[in-house]
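Report on one structure; see the data block that follows.
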Amino acid sequence: MFPWLGPWIKNLTSLKEIVDMEVGELVRGLKETLNPQMCRVLLTCFLLVQESGNMDSLYHDNNLVFSVANLFGAGTDTTRTTLRWGLLLMAKYPHIQDQVQEEISRVIGSRQPLVEDRKNLPYTGSHGSQHQRLANIATMAIPHTTMSYASLSLQGTSVIPLLTVLQDDSEWESPHTFNPTHFLDEKGGFVKRSAFMAFSAGRRMCLGEGLARMALFLFSTSLLQHFRFSPPPGVTEDDLDLTLAVGLTLNPSPHQLCAVSQI
Ligand code: HEM
């Protein structure tokens, strides 16, 4: 996507070697216990198709390595960065943190949060969507290639979707503020918004959306159930800076926060 970055990525070869080694080890372990009656995970299904000999050109080892590497690559940095934004925004906007914690305490209490709790926590859900909207960590989605003539390009053109709709003036009442009411109706219920495309849209949208939403909900709800997040002594909420730090995804700049136990 950015050829001029090449010379900066000095460790690309060793990175690829490490990925090959790690995934190779994972695959060896799975092969030892491969059972055709138990096709539980993607890798097992892939290996079973390979073993059956009934495979087309897609089921080769290189594709296996890249599929696994893509899932780890696409799934870890994104979820981690989103959680970091969430904690920073909670510390910066304590009145919103108050309302999220009040809802969690009223609906869940001290038991462990469950995925099923999501539907009963509209404010917590709306703050989650809101912080994803504002952080917009994967603004540039992933490059795609047109397979046939499309109105915007010729066949074979690279297209990079921009997810700037997440902060579009014509879609959001206050596009650049942390305002959970974007996702709430008058009765305080959660509303889905079609312009909320943090996971992109269409046939090639994020494959891990369901997993990511579940992980984000469980992690952030558990963290806020147990801890109060605030700036460290001597730092005010206003000092917490929301300037982006550029990375693979759009990160918050480094901050120190206090996590004070609630229990
Ligand atoms: C907060 C977390 C996440 C965000 C914001 C996010 C966002 C995105 C976005 C914007 C795309 C680009 C879609 C496009 O090009 O139109 C994408 C693609 C993808 N994501 Fe995620 N993602 C997240 C978590 C995950 C997780 C947990 C996984 C898997 C474990 C995952 C796997 C993928 C894969 C495989 C693709 C490529 C899909 C394809 O090209 O068909 N993502 N994601």
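Glycine too: its Cβ is placed from the backbone N, Cα and C atoms.
Note that this is a predicted model, so its numbers are computed, not measured.
Neighbour list (CYS206 (heme binding site), Cβ cut-off 8 Å, at least 6 residues apart, same chain): ALA74, PHE199, SER200, ALA212. Under the heading heme binding site, TrEMBL lists CYS206.
The secondary structure of CYS206 (heme binding site), as reduced to three states from DSSP, is coil rather than helix or strand.
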